[in-house]
């Protein structure tokens, strides 16, 4: 296992390097990149452009390149309609609370679990790691109902005293997703690449395990933190099925469920595009902010998103 | 950079945690937990509806609830609105965790299944009132009423008078709908004109319940059905008999002849309004947009008579009382109060749907005899066929959808229908025929 900083760059044979510098190859590579950019970028362009068009025009433009161009009767009506139709600020706040807490607590819990598995020697360590990894193959949909049932049995203490059942709360949207096998694996992989000599030096200086975790290992795990943060944030932000099942009150619904508000018998396509544009913005912003660290960690861990 | 990232994430987490700790972890204010007896002795009843995002209908329902709450002091109904697209999942999840509200709305064809599953309680003392409702607006199971709706919707064909006249196509009426030969002939003429890639849009781009709702009436018009309704035990003979095979063969030919797209656009009404198709098959909810676009040129047509008279699907959203309601007498009191004609009229008017009672229809201008939407009420009265009232319907609907999509994409009609019958019968049998 190696990291970006520890991995020696692969040596490219001179002949192959020369072939890569050939103008035709470079042009083909550039063309390929443009095509990929179009494939991934055009849906976003379509979404943003359509969010400024009336419904009828969206459909009239579908048959031509106009679908991707801000032409015709452009309007902000769709955006105004979004704010009229859904409690937008509330939904966004809910999504931010759920996503940030899931990410924050997830980073803490999963990195600690990975640290223990990577650094502390104990009996059954490998078995535990294997069992954790095995849970990756269980799709969420298969455990959604049992999870719902269990969540409904759990106790909770709040200002009104002890109550049973977590349904229709924030915690039910957060707690089940804090521990994450994939995040543990990513951290484990990354921690394993950090030289153990550093731990030993710290131990000689009298550091305990927590101190090593906090002051030695975590400060070196920036790219892994960024990757896990993004990979945890995305499903938390995009969460749809689970909040649909466990949240009944409008004031606790996250932004993704809000998109259903526009799917009536007569669907408001322009408003859907406007809403989708607004709720996509935080994800794009997050990715752009963490892009460098994210790509660095992906490259070093060999994980393909 | 590393410490910076960790600090940023930690700071954000603390901010969010603080927000949550300042009261956000409490239960939602108007959830199912918001039912019970309050300090002043009023019994609170939670009511769920599928109308989040649908201002008109939610407004009309809220007005009914406000009237009820103001009419007495013993009960207070609290509305919780859910988005329609995901409403059923929310209800089923709530039922699984025994958290259903006292009053809830439900899509008509789901009523037998939800009644059989024990989610719903029969409506007591409403038989006489519901006798005045359109049959398709009352949900029944085992001869008991479980739900009623303020309105129904109707399937229809939409076209433009100018287009039909230009191509010398007869404009059909309720008394004289198109025959199968006439309908096919009209589509051929329109296709041959070269003006339309697909002259008719049967809304094949829609998904889910639309398929059985829209296309099983065509099967019924051929003389077939989704299940043998004498005992609701088997689909054999009705879903794979000669009539059903004739329907499937014809249905497939619509696509094979390129009269209809195998998968239409996401919004067939918008495509029709943009002139992409000459004939639209959709629900009465399309009328508003189409009328705005074409005015008097728009014609609303009955579906074709494919042998056994025109048929359309029946049953829309209806109100019911959950079996787990802790104050069933309060819920029933609300249901009686809300079944008044004036509320049927106000909700139907707000949603532009067909009022469930004659008295209510007389109060809504568009549905009075000769009103611009009266034709939909005529369709509902003359042609509506309720989807099979069996708890097995959700499975039948899924199976029919899959089979119809296979057929339209070229599957052999007899084989596809035989397989559907096998699957449906196996499901009915494995559930002991839901007895």
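Including glycine, each Cβ sits where the backbone N, Cα and C put it.
Feature transmembrane segment, per TrEMBL, maps to range A:212-237 of the set A:212-237, A:238-263.
Which of A:1-23, A:24-46 counts as transmembrane segment depends on TrEMBL, and there it is A:24-46. Using a cut-off of 8 Å between Cβ atoms, the transmembrane segment (A:127-150) and the transmembrane segment (A:170-191) share at least three residue pairs, counting only pairs 6 or more apart in sequence. Taking every listed stretch (A:24-46, A:170-191, A:272-290) in turn, the largest tally of C-beta pairs under 8 A with the transmembrane segment (A:212-237) is reached by A:170-191. Here the transmembrane segment (A:272-290) has long-range neighbours at 44, 47-48, 50-51, 58, 78-79, 81-82, 86, 88, 92, 95-96, 226, 229-230, 233-234, 237, 255-256, 258-259, 262-263, meaning same-chain residues at least 6 beyond its ends whose C-beta is under 8 angstroms from one of its own.
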